[in-house]
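Beneath this line is the structure, given in structure tokens, with notes to follow.
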There are 4 protein chains.
Amino acid sequence: MDKVRVIIAGPRGRMGKEAVKLVFHEEKFELVSVLDHKHDQKMLHEIDDFQLYENIPVYSNVEECLQKSNADVFVDLTTPEVGYLHTKTALQYGIRPVVGTTGFTQEQLIELKQLAEEKNIGCIIAPNFAIGAVLMMKFSQLAAKYFKDVEIIEMHHDQKLDAPSGTAVKTAEMISLSREKKQQGHPNESESITGARGANFDGMHIHSVRLPGLIAHQQVLFGADGQSLTIRHDSYNRSSFMSGVKLSIETVLAINTLVYGLENIID
Amino acid sequence: MDKVRVIIAGPRGRMGKEAVKLVFHEEKFELVSVLDHKHDQKMLHEIDDFQLYENIPVYSNVEECLQKSNADVFVDLTTPEVGYLHTKTALQYGIRPVVGTTGFTQEQLIELKQLAEEKNIGCIIAPNFAIGAVLMMKFSQLAAKYFKDVEIIEMHHDQKLDAPSGTAVKTAEMISLSREKKQQGHPNESESITGARGANFDGMHIHSVRLPGLIAHQQVLFGADGQSLTIRHDSYNRSSFMSGVKLSIETVLAINTLVYGLENIID
Amino acid sequence: MDKVRVIIAGPRGRMGKEAVKLVFHEEKFELVSVLDHKHDQKMLHEIDDFQLYENIPVYSNVEECLQKSNADVFVDLTTPEVGYLHTKTALQYGIRPVVGTTGFTQEQLIELKQLAEEKNIGCIIAPNFAIGAVLMMKFSQLAAKYFKDVEIIEMHHDQKLDAPSGTAVKTAEMISLSREKKQQGHPNESESITGARGANFDGMHIHSVRLPGLIAHQQVLFGADGQSLTIRHDSYNRSSFMSGVKLSIETVLAINTLVYGLENIID
Amino acid sequence: MDKVRVIIAGPRGRMGKEAVKLVFHEEKFELVSVLDHKHDQKMLHEIDDFQLYENIPVYSNVEECLQKSNADVFVDLTTPEVGYLHTKTALQYGIRPVVGTTGFTQEQLIELKQLAEEKNIGCIIAPNFAIGAVLMMKFSQLAAKYFKDVEIIEMHHDQKLDAPSGTAVKTAEMISLSREKKQQGHPNESESITGARGANFDGMHIHSVRLPGLIAHQQVLFGADGQSLTIRHDSYNRSSFMSGVKLSIETVLAINTLVYGLENIID
């Protein structure tokens with residue numbers, strides 16, 4: 001079988017670096033070029049941190065990159081601003097995009113979906129490539145059909161500013177779609193110290209732990225008479241996203257529409 | 001809406017007692033009679049431990065019980081020997097069985113399925129009514145499509161004689177159906193004390209913890225680059241089975257075939 | 001060695017029942033009588049739930065009970081009101097008390113301590129007999145000398161009215177005695193949903209989870225650069241108190257003063 | 001207060017790098033020089049990976065280093081071969097050693113202890129600087145006095161070759177010193193798949209989980225009637241050792257003998 005020919009846009013970002021490593025070393029893939037607005041006409045190994053990657057041309061113009069690379073898949077790990085333009089251009093050239101940026105508007109998504117279907121090719125846009133986290137959310141949504149009592153505990157390093165985490169809120173939203181509405185806890189419960197019972201999201205409680213040493217962890221706890229079911233995801237480092245990038249590259253070749261969210265290619 | 005009229009066979013067993021309590025108190029259900037081979041022509045409240053349940057007749061003969069009870073659902077929590085006969089008889093009378101016994105042969109299941117479809121009614125046979133445990137197995141099977149590295153830790157009280165537990169083996173079997181085959185651990189790993197790496201089931205490792213105080217707990221751990229996903233079920237007491245019995249009573253009214261295993265009515 | 005002769009006051013309460021079972025069956029102990037204000041001149045096996053305990057006289061008067069029983073240890077599992085009187089009387093008779101009630105005043109404790117030392121006998125008063133919970137608190141206090149970042153997650157059934165639990169607050173108080181004062185979390189952290197960061201106790205955060213099925217669980221999480229240390233206690237049922245009662249009966253024979261709190265006989 | 005003047009031997013190793021970072025940035029400490037057999041007469045910032053550390057001389061000869069540095073503490077993170085010589089020399093010069101190497105013989109330890117006491121200065125030799133791991137072991141040893149039933153689950157990445165881990169065996173050894181001897185599990189228990197019950201160490205069971213993504217984790221589970229107590233340590237990266245190095249530097253200034261093992265300076 002021929003290798004899948006892949007372009008990576010945004011190689012110097014944290015996810016970009018991991019993606020270069022993944023695609024370069026994965027046997028089924030071939031890294032054919034990178035798109036980097038800061039560098040042009042160089043070879044990748046001339047850029048800091050990429051000395052080991054030989055024979056990979058760098059382009060700064062997306063059209064030139066697409067024209068010269070003869071790629072199958074265009075992986076975009078840039079920013080929402082240029083990500084939209086890159087994705088649209090790739091689709092126009094008939095190259096299947098795998099996009100890891102957030103912030104697309106509803107209108108942009110609809111437009112890109114129409115374009116993908118017109119061109120009869122796949123396009124995957126995923127705000128979270130960590131398959132484990134996506135499975136945790138998916139399983140939580142399913143479990144909530146049978147267990148209407150659920151609390152979420154998310155735990156992160158103490159440099160995190162916001163609470164609850166985005167993943168915790170996303171999980172709660174997904175659970176809300178499937179669980180019978182319920183205000184949890186005893187109707188007469190009271191807090192002797194304010195905040196003990198956590199944040200209340202649609203009747204569910206979310207607790208945010210912040211400690212040095214921790215990275216990114218979340219558990220979703222379901223309770224019912226005589227039992228509990230816990231779904232937990234631990235993310236130790238950025239490489240956790242790469243299994244999702246790999247799955248997306250493989251999947252985008254087999255579909256001919258736009259799919260938003262990794263949860264929709266996992267079944 | 002009319003209440004669902006329910007017979008319970010085997011009321012004095014551990015699950016039977018919980019089922020009597022459930023059906024008697026659940027608003028949508030009505031306990032119309034019980035089948036108990038040791039007692040006949042009594043009322044349930046005359047039997048030890050059941051003083052609170054008034055106006056429930058007890059039968060010792062399954063046909064008489066079915067004829068006189070005008071029931072919708074027949075819940076069987078007896079033994080494999082009589083369970084098969086009860087189930088067949090209930091189907092013949094057009095009463096939908098919900099059966100919590102194990103040990104049916106393949107032939108018996110096929111025969112009962114044909115009978116259910118002939119009568120155009122539902123029948124649910126479930127060796128495990130703990131929805132949480134069934135979800136744990138189902139989620140594990142699904143996760144194994146994306147994470148081929150998995151280990152199982154099951155933990156029970158130290159009066160348990162067999163290791164690994166039946167649920168752990170069942171979980172491993174279900175995972176085997178979906179995961180890419182792999183012998184886990186480092187190819188050159190070695191044990192300085194025999195048994196450290198646990199039981200090897202199809203390349204997966206299973207660990208059995210036995211401690212006083214524990215009840216019945218299992219966690220399934222998936223690992224991949226930079227992340228882990230854990231699915232855990234804790235069973236604290238027998239009442240954990242009742243959510244599955246309730247779901248089965250509701251579901252058996254809506255189907256017209258035999259379904260084996262709670263995992264097949266959960267989606 | 002002679003068996004330790006034990007009186008139990010308050011046999012019908014939840015802890016009392018467990019204590020009767022423990023003392024009756026433990027080889028090193030002998031249950032010589034029970035004190036029960038509701039029954040007198042009966043034998044224990046005549047009281048409901050105690051049919052199996054033969055040859056144990058019941059008294060309703062504490063002095064008569066002490067005079068006739070020739071006991072070594074007097075275990076009191078009654079209420080604060082009578083508990084104080086019982087303890088004082090036992091000490092006056094030279095019988096060593098093991099007391100599981102809370103609510104003694106500081107004055108009462110001082111008076112009882114003087115009396116114990118006067119009589120040169122031991123007396124143990126312990127608001128919590130669960131050794132595991134006491135160890136969790138003790139270890140947390142010790143760990144806090146080295147890890148000043150700590151959060152507490154306590155988890156109980158959803159019939160519990162108060163949050164945080166008494167054990168969580170007690171744990172936080174004990175930690176406060178040993179840790180370098182710190183307001184945890186990022187100075188600029190903010191909650192997008194109120195309560196996410198839990199209750200703030202002296203700079204530590206406490207989170208209270210309430211779910212059906214759960215019993216009584218607590219974990220204390222310490223974090224530092226690159227590591228975390230977690231101490232967790234799970235209480236599944238009332239029998240968890242019995243190891244502490246047993247230890248107290250053994251220890252009270254070896255001391256000749258009053259000790260308050262199981263943590264002070266554990267080292 | 002004057003800053004503590006510190007020499008670091010072995011700056012290029014994994015622990016060495018972290019130690020340089022710690023001592024350089026910690027307000028109470030001053031990095032006065034490093035000892036590195038591969039470099040001499042350089043400044044530290046001339047060595048790869050250390051560009052940021054200005055004004056730190058590098059020596060390759062231990063005596064010259066000690067003579068010129070006027071240090072309070074000598075931190076050795078080299079190898080057992082040179083570690084012994086470095087430690088001895090530092091003691092002879094009256095500089096207090098903090099040593100993180102393993103493999104000293106009993107004779108060497110006795111000799112170094114005598115030398116430290118002769119010179120009336122402190123010396124700390126610690127095979128494991130992760131305070132959290134040391135506390136886990138210490139707490140386990142203490143808990144085992146009250147709970148004789150215990151199992152250990154250690155979890156590491158799947159590149160680890162040996163099972164059980166050294167820390168698990170060390171923990172089991174420490175527990176053995178305090179627990180009442182017991183062969184755990186049911187006397188008639190049997191394994192339907194060999195290895196399920198794990199490694200048997202003095203009647204305790206140890207289970208070794210190996211999964212990609214995991215780093216270094218261990219939990220020690222104690223069980224008793226109605227309760228369990230779990231002590232867990234998670235090590236996420238090498239920086240976890242630094243809190244122990246810091247504590248050792250502070251403590252070595254206050255003692256005047258040799259202490260072996262961090263557990264003996266923690267109380």
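Numbering starts at 1 and runs along the chain as it is shown here.
Just so you know, glycine gets a Cβ as well, placed from its N, Cα and C.
Per TrEMBL, the features are:
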type: ACT_SITE; residues: D:HIS156; note: active site, proton donor/acceptor
type: ACT_SITE; residues: D:LYS160; note: active site, proton donor
type: BINDING; residues: D:GLY10, D:PRO11, D:ARG12, D:GLY13, D:ARG14, D:MET15, D:GLY100, D:THR101, D:THR102, D:ALA126, D:PRO127, D:ASN128, D:PHE129; note: NAD(+) binding site
type: BINDING; residues: D:LYS38; note: NADP(+) binding site
type: BINDING; residues: D:HIS157, D:GLY166, D:THR167; note: (S)-2,3,4,5-tetrahydrodipicolinate binding site
type: DOMAIN; residues: D:4-129; note: domain 'Dihydrodipicolinate reductase N-terminal'
type: DOMAIN; residues: D:132-265; note: domain 'Dihydrodipicolinate reductase C-terminal'
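Long-range Cβ proximity for D:ARG14 (NAD(+) binding site), meaning a same-chain Cβ under 8 A and a gap of 6 or more residues, is found for D:ARG238.
Annotation for D:THR167 ((S)-2,3,4,5-tetrahydrodipicolinate binding site): same-chain Cβ neighbours under 8 Å, separated by at least 6 residues, are D:ASN128, D:ALA133, D:MET137, D:GLU154, D:ALA216, D:GLN218.
Cα distances from D:PHE129 (NAD(+) binding site) to the recorded positions D:LYS38, D:HIS156, D:HIS157, D:LYS160, D:GLY166 are smallest for D:GLY166. With respect to D:ARG12 (NAD(+) binding site), the closest of these recorded positions in Cα terms is D:LYS38, chosen from D:LYS38, D:HIS156, D:HIS157, D:LYS160, D:GLY166. When the Cα of D:THR102 (NAD(+) binding site) is compared against those of the recorded positions D:LYS38, D:HIS156, D:HIS157, D:LYS160, D:GLY166, the shortest separation belongs to D:GLY166.
For the residue listed as 'NADP(+) binding site', the same-chain residues that are 6 or more apart in sequence and have a Cβ closer than 8 Å to its Cβ are D:ARG12, D:SER60.
Per-residue pLDDT, averaged over the domain 'Dihydrodipicolinate reductase N-terminal' (D:4-129), rounds to 93. The DSSP breakdown of the domain 'Dihydrodipicolinate reductase C-terminal' (D:132-265), given as helix, strand and coil counts, is 43 helix, 43 strand, 48 coil.
Rounded to a whole number, the C-alpha distance linking the residue listed as 'active site, proton donor/acceptor' with D:GLY166 ((S)-2,3,4,5-tetrahydrodipicolinate binding site) is 12 angstrom. Rounded to a whole number, the C-alpha distance linking D:HIS157 ((S)-2,3,4,5-tetrahydrodipicolinate binding site) with D:PRO127 (NAD(+) binding site) is 21 angstrom.
D:GLY100 (NAD(+) binding site) and D:GLY166 ((S)-2,3,4,5-tetrahydrodipicolinate binding site) have their C-alpha atoms 16 Å apart, to the nearest angstrom. Shown in sequence order, D:GLY16, D:LEU35, D:ASP36, D:ASP76, D:LEU77, D:THR78, D:THR79 are the residues of the chain, 6+ apart in sequence, with a C-beta less than 8 angstroms from the C-beta of D:GLY10 (NAD(+) binding site). Cβ atoms within 8 Å of the centroid of the Cβ atoms of D:HIS157, D:GLY166, D:THR167 (the (S)-2,3,4,5-tetrahydrodipicolinate site) belong to the same-chain residues D:GLU154, D:HIS156, D:LYS160, D:SER165, D:ALA168, D:ALA216, D:GLN218, site residues excluded. Ranking the recorded positions D:ARG12, D:HIS156, D:LYS160 by how many Cβ atoms sit within 10 Å of each one's Cβ puts D:HIS156 at the top. Of all Cα pairs drawn from D:GLY10, D:PRO11, D:ARG12, D:GLY13, D:ARG14, D:MET15, D:GLY100, D:THR101, D:THR102, D:ALA126, D:PRO127, D:ASN128, D:PHE129, which the record names as binding NAD(+), the longest spans 19 Å.
Listed binding-site residues: D:GLY100, D:PRO127, D:GLY166. The one with the lowest count of other Cβ atoms within 10 Å of its Cβ is D:GLY166. Proximity to chain B, defined as a C-beta distance under 8 Å, is registered for the following recorded positions out of D:GLY10, D:HIS156, D:LYS160: D:LYS160.
Neighbours of D:THR102 (NAD(+) binding site), defined as other CB atoms within 10 A of its CB across all chains, total 13. Geometry remark: D:GLY166 ((S)-2,3,4,5-tetrahydrodipicolinate binding site) versus D:LYS160 (active site, proton donor), CA distance 11 Å.
The residue listed as 'active site, proton donor' sits 19 Å from D:PRO127 (NAD(+) binding site), taking the C-alpha atoms as the reference points.
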